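Each remark here refers to the structure printed beneath this line.
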Amino acid sequence: MHTLSSPPPGAWRFAKMHGAGNDFVVLDAVSQPIELTPELARRLADRHFGIGADQILIVENPMHPEADFRYRIFNADGGEVEHCGNGARCFARFVREQGLSRRNPLRAEICTGLLTLTLEDSGEVSVDMGQVSFEPGSLPFDPDGLASRRQGDATIWQLPLDGLPTVEFAALAISNPHAVLIVDDVATAPVGTLGPAITHHPRFANEVNTGFLQVVDRHNARLRVYERGAGETLACGTGACAAAITGIRMGLLDSPVKVQTRGGCLTIAWNETGLRMSGPATTVFQGWIDPHALVRPTEFKDIAA
Ligand SMILES: N[C@@H](CCC[C@H](N)C(=O)O)C(=O)O
């Protein structure tokens, strides 16, 4: 019998966290040995047979000499990805709460570069989000032969979809790939149909996160995001950055932009000094998980002939 005070040998200590409702299992691979495979990430994220999360974050020792830590991100489907804005804020809170570092600001290495993260006196966490690219190849996105138009500084692509209306979107990378559509009302936007149709479209070789942006006024927007590898989440930090930048480039928004998601509000500032996102990061509970217990049974095993 294992109890909370005597976890099974080989169990991993974890925290369950969220940033504006985008939820994470966060693992500390600095002070315990963890071999996280894509399959184990998928099982941890399973909402019925695991802990349940949109993404799994694993904190490791850095390889870059200027970084305090490295952290890696796995989507709920097990795919490892480049960046996660809400995850970055939770990473900074986790490092402080677990006693791994009291440094503020922190420097974190992700697979595409270094991020600077600050625990603010207000309780929020701010992140300098790194590079933004509007080059289609950086997503990658293949626009060959597609119609497009310019609005302000943004290129708006027109993509015909099988059995659905043609959609218009801006494409950009916040290290990870985003397509942003403007909608009149996020509450009625067809996120469940257009989201997967765009996210899995073959023109996005590595798939894409699809954002539905409603401009409220020049400093306020609403957003829903159908995420690659996770489906619709309650918030997407890189998606909020992509949406704010798209609105600014289209001449519809001015920095800073408050982006209201279904799970909370994120503030995005984008100017000559860079891209900065601020928002909440919350620990919900902590515990131990035995990775060997993460087995998903075959459905109807007993009656399969
Ligand atoms: N929820 C995240 C983004 C997580 C990764 C994304 N689904 C992808 O595949 O790129 C955020 O807050 O940015």
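Note: Cβ is positioned from N, Cα and C throughout, glycine not excepted.
Caution: TrEMBL annotation is automatic and unverified by curators.
TrEMBL lists Gln55, Asn75, Gly85, Asn86, Asn176, Asn209, Glu227, Arg228, Gly237, Thr238 as substrate-binding residues, and of the candidates Asn22, Asn271 the one it assigns to that same site is Asn22. Spanning the residues Asn22, Gln55, Asn75, Gly85, Asn86, Asn176, Asn209, Glu227, Arg228, Gly237, Thr238 that the record associates with binding substrate, the maximal Cα-Cα distance equals 16 Å. What surrounds the substrate site, by Cβ distance within 8 Å of the Cβ centroid and not counting Asn22, Gln55, Asn75, Gly85, Asn86, Asn176, Asn209, Glu227, Arg228, Gly237, Thr238, is the set Asp54, Ile73, Val81, His83, Cys84, Gly87, Val225, Ala230, Thr233, Cys236, Gly239 from the same chain. Counting neighbouring Cβ atoms within 10 Å of each of the active-site residues (Cys84, Cys236), the lowest count belongs to Cys84.
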